[in-house]
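Right, one structure below, let's go through it.
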Amino acid sequence: MRLEIKDLHVHYGKIEAIKGISVVVNEGEIVTLIGANGAGKTTTLKTISGLRKVTSGAIIFDGQDISNVPAHERVDLGISQAPEGRGIFPGMTVLENLEMGKFHRKNRKAEMDEDLDKVYTLFPRLKERVGQAGGTLSGGEQQMLAIGRALMARPKVLLLDEPSMGLAPQMIANIFRIITEINKTGVTILLVEQNAQQALQRAHRAYILETGNVVKEAKASDLLNDPAVREAYLGTGAHS
Amino acid sequence: MKIRNYWNLRDWGAGIWERANRPKRVAIAISTIILVALLPFAGASFLATPIAAYDAVLVYPVGVFVLMALGLNIVVGKSGMLDLGYVAFFAIGAYTMALMGTHTGLNTWEIMPFGIGFAMLAGVLLGLPTLRLRGDYLAIVTLGFGEIVRLVVLNSTWSKGPNGIANIPMPPNIGPLKFKLEDQKVFFWVVVTMILLTIWMIRRLSIRRPGRAWEAIRQDEDAAELMGIPTLKYKIWSFTLGAAVGGAAGVLFASKNLFIAPEMFSLNVSILILSCVVFGGIGNIWGVVIGAAILGYLPERIRFISDARLLVFGLVLVIVMNFRPDGLLPRKKREKAIVKKEVNA
């Protein structure tokens, strides 16, 4: 078991955003959290990466409770996040953005070329744009950059927050294809999505979140065929 | 057809610098330094300031403003934290000089490390709890800190309250160079040296890891943390370095002015220094230097119109910021970050 969340509670001030959820992510899996706006998907992810504080509960990574480890040290342990809204550095070039992904690595100089090559193989578009400022990229390119930058840290677990947000359908399909590819290289992926259709097709297992609680947990393929889920999250006839 | 922008002094200057080879660069740097060092001798020209002595104006406000603006630029320009209480560090430096200068036998140069040290210590103490805050909140806390320092010295007996501290010793002579009240050339050269040291320090840091980290923090703090950057540590470093420069400026100011009082360290100074940074161009060292020099010099130059000078001063600010919203010499275009609003989601 790579990552386990046990009875997690998270508060924004007095408002409880996460009301005791438990999630398990096994080595080599793609696990997806789906749910409507405000269900707590992004908060869960931010809590795993350390940007939000845990009120109670535990986050266990490789057998170690990391609930009190600061965010920047979690990167060293092997948790990387491509944040919601991509979070690229708009004033830095594509290359500088990718280099930032390695900021904490001890032997970053030795690894740099190899990992840049890997990212460029996954996202040939980034290589074409290497000297361009991040803020001037298209939405899809920015998402590629965000994922590529997260990969530069050689993560064991990659957290993806709505990679399909605001992208054209073709680009969404492209991004999800690459996510599967990344997973095949041995990176465990925890994916938060509103695009349930795509997410369930790509993931192994899925959790459905509603207002801070897990309401359903199942194999992704089962959920894809579950009438209630199709009704609520996929829309009628979305899966033919 | 592309319209050439003749107003783009930044790119024009950067172009010259980039085309120049090493010896040429050294020549440019040395001649600029010599020209600046000769400034006190231009007192008889159109630069002369009425009423105030020209060479004194070059030290304070001009030189000290440039120094402080450079220090504040580390905080505001490099790592993007709004500090409205920068005068506090200036005051701490000045009061260190005043108290130690009048109570111990130490001279200005021996007190300098103490002034810098105390300012840095204050920076760390203030930074540790408050740098977790962002944007407006940080601005308010620093604003409060600036006022607290002023009120403490105003109401304490050791600082002689509103009477201030007089008879602060002048710096000892450096060889043949003598510090004199009526001729402050040597003071000016000392300030210029300190400015050069500060610029050198900022440039060294900017191209190394701290510079990268600050840049990332300024553009997107959450993302910076996700890259594995210990953001709090780097923010405190930036804050403390800014404080150190402010402290150094304070020590020199006290030693030059020979008398300090709490009213010299009001909120106005913080705002004025921030104006210097914004007016010159946030984040660009040369912009900040020019901005601070102009804003320090201008009110003294037009002192002959007495109270109307403040009106002119304000007008200049408004006009310049209208035509050049990024300052006189803005930072490199692509470095301009779209500052992301803090979203609680």
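Note that Cβ sites are derived from N, Cα and C of the backbone, with glycine treated the same way.
Note that the structure is predicted; figures quoted are calculated from it, not measured.
Annotation comment: TrEMBL describes B:26-52, B:58-77, B:84-105, B:111-128, B:186-202, B:236-255, B:267-296, B:308-325 as transmembrane segment.
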Check for me, if you would, whether the transmembrane segment (B:186-202) reaches the transmembrane segment (B:58-77) - at least 3 Cβ pairs under 8 Å, residues 6 or more apart in sequence.
yes
Six or more residues out from either end of the transmembrane segment (B:84-105), which same-chain residues have a Cβ under 8 Å from its Cβ atoms?
68, 71-72, 75, 111, 114-116, 118-119, 122-123, 126, 139-150, 153, 158-159, 165, 167-169, 242-244, 246-255, 260, 262, 264-267, 269-271, 273-274
Candidates B:26-52, B:58-77, B:111-128, B:236-255, B:308-325; stretch with most C-beta pairs under 8 Å toward the transmembrane segment (B:267-296):
B:58-77
By a Cβ-Cβ criterion of under 8 Å, what residues six or more beyond either terminus of the transmembrane segment (B:236-255) are in contact with it?
60, 64, 67-68, 70-75, 78-79, 81, 83, 86-98, 101, 108, 111-112, 115-120, 122-124, 126-128, 131, 168-171, 187, 190-191, 194, 198, 201, 205, 210, 214
Do any residues of this chain, six or more beyond the ends of the transmembrane segment (B:111-128), have a C-beta under 8 angstroms from a C-beta of it, and if so which?
88-89, 92-94, 96-97, 100-101, 141-142, 145, 149, 235-236, 239-240, 242-244, 246-248, 250-252
Other parts of the chain folded back onto the transmembrane segment (B:26-52), taken as Cβ under 8 Å at six or more residues beyond its ends:
16-17, 20, 58, 184-185, 188-189, 192, 196, 297, 300-301, 303-304
